[in-house]
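See below for the structure under consideration.
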Amino acid sequence: MSDIHVTPVFADAAPCASPAPEKINLLDLDRRQMREFFVQMGEKPFRADQIMKWIYHYCCDDFDAMTDINKVLRARLKQVAEIRAPEVAVEQRSSDGTIKWALQVGDQRVETVYIPEDDRATLCVSSQVGCALECKFCSTAQQGFNRNLRVSEIIGQVWRAAKIIGAQKVTGNRPITNVVMMGMGEPLLNLTNVIPAMEIMLDDFGFGLSKRRVTLSTSGVVPALDKLGDTIDVALAISLHAPNDTIRDEIVPINRKYNIDMFLGSVRRYLEKSNANQGRVTVEYVMLDHINDGTEHAHQLAECLKDTPCKINLIPWNPFPGAPFGRSSNSRIDRFSKVLMEYGFTVIVRKTRGDDIDAACGQLAGEVIDRTKRTLKKQAAGEPINVREV
């Protein structure tokens, strides 16, 4: 939202017959836009800083509770603005402490996952309703695509989770320390809204997270990745998942447009501009049984990544109904990992979290009204359908 138009409304304004204008959701505004909003109201820019602290430091959505704001301004704000985050439609709790929320965004739902650990708590955030990329091993991709999320619907996931976790301090839940843009959708296909949302995550008057604790994961939209590097500095993770173009063309179809060499070239350009990544990118590699998990694939991957400073995150595949894959055995993952380590790579095998509530990597689905008609096309072709699609 580049231009903000506010018609100041005073508490004693006379009623009129025309319908009231739609209120501005302050969660849609970054700090620059928030200051512009208050200037247009005839207020000093510092009011934006005050309001943002209430919204993000205290998870406050009630203007009347903002005690250092004078009553006249509070009354005016209630007439022209609101603080509205997505509401929780369904909450599920895993036996390992992971929490998944299905959040209502209009007439659909997206999923957000809170993952507590001993030394941190990570929130996995969605950027789109559904996903257009059709990665074959991902549940979200099978739902089709509807629309991009607004800034308020992205940062609102963090706000809603922080409010819930903050209200549960007596349970010992750890406050959110990290945010990963790894939920539903491809973040680089929604840069217009993802960048302002991440700026609020980083802003001292927002959530105040370190740029090393905000991570964007992408499947390889190369022009958008180049643009990201010119706009904001956050940690980067790449969804590679294959050691060569032949396999990646099949399981990550965007590779047919931006192949591995193009993708890794863009990654290296990003690293040259970034401080958040400390000189290396996280490579995500889902382990699919007898598809991409052989020792020959490990050698190919090492050769593929030899010029890209990275650490490699091996992800045991998390199943969903109708998927034509199997999870690699622990022994195959172990052999694969050892080959990479012999080349000098840092390798981490991701611990599966929340799989008992379909909250693990690749399992998020939500409720998507598919504008791509992907489910109908699959029915017509006689292909298996994820049971969560219908």
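Every residue gets a Cβ built from N, Cα and C, even glycine.
Annotated active site, proton acceptor per Swiss-Prot: GLU111, in sequence order, evidence recorded as sequence analysis. For 117-356, the entry in Swiss-Prot reads domain 'Radical SAM core'. The feature disulfide bond is assigned by Swiss-Prot to CYS124-CYS361. For CYS131, CYS135, CYS138, the entry in Swiss-Prot reads [4Fe-4S] cluster binding site. The S-adenosyl-L-methionine binding site annotation in Swiss-Prot covers GLY185, GLU186, SER217, SER239, LEU240, HIS241, ASN318 and rests on sequence analysis. As annotated by Swiss-Prot, active site, S-methylcysteine intermediate applies to CYS361.
Features per Swiss-Prot, on structure.
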{"residue": "GLU111", "record": "active site, proton acceptor", "DSSP (3 states)": "strand"}
{"residue": "CYS124", "record": "disulfide bond", "DSSP (3 states)": "strand"}
{"residue": "CYS131", "record": "[4Fe-4S] cluster binding site", "DSSP (3 states)": "coil"}
{"residue": "CYS138", "record": "[4Fe-4S] cluster binding site", "DSSP (3 states)": "coil"}
{"residue": "GLY185", "record": "S-adenosyl-L-methionine binding site", "DSSP (3 states)": "coil"}
{"residue": "SER239", "record": "S-adenosyl-L-methionine binding site", "DSSP (3 states)": "strand"}
{"residue": "ASN318", "record": "S-adenosyl-L-methionine binding site", "DSSP (3 states)": "coil"}
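SER239 (S-adenosyl-L-methionine binding site): 25 other CB atoms within 10 A of its CB, across all protein chains. When the Cα of GLU186 (S-adenosyl-L-methionine binding site) is compared against those of the recorded positions CYS124, CYS131, CYS135, the shortest separation belongs to CYS131.
The two recorded residues, SER217 (S-adenosyl-L-methionine binding site) and CYS131 ([4Fe-4S] cluster binding site), have Cα atoms 14 Å apart.
A Cα-Cα distance of 9 Å separates the residue listed as 'active site, proton acceptor' from CYS124 (disulfide bond).
Only CYS131, of the recorded positions CYS124, CYS131, CYS135, have a C-alpha within 10 angstroms of the C-alpha of GLY185 (S-adenosyl-L-methionine binding site).
Here CYS135 ([4Fe-4S] cluster binding site) is positioned 11 angstrom away from LEU240 (S-adenosyl-L-methionine binding site), judged by their C-alpha atoms. Other Cβ atoms within 10 Å of the Cβ of CYS131 ([4Fe-4S] cluster binding site) number 27 in total over all chains.
Within 10 Å of the C-beta atom of GLU111 (active site, proton acceptor) sit 26 other C-beta atoms, taking all shown protein chains into account. In this structure the C-alpha atoms belonging to CYS135 ([4Fe-4S] cluster binding site) and CYS124 (disulfide bond) are separated by 19 Å.
Among the recorded positions CYS124, CYS131, CYS138, the ones whose Cα sits within 10 Å of the Cα of ASN318 (S-adenosyl-L-methionine binding site) are CYS138.
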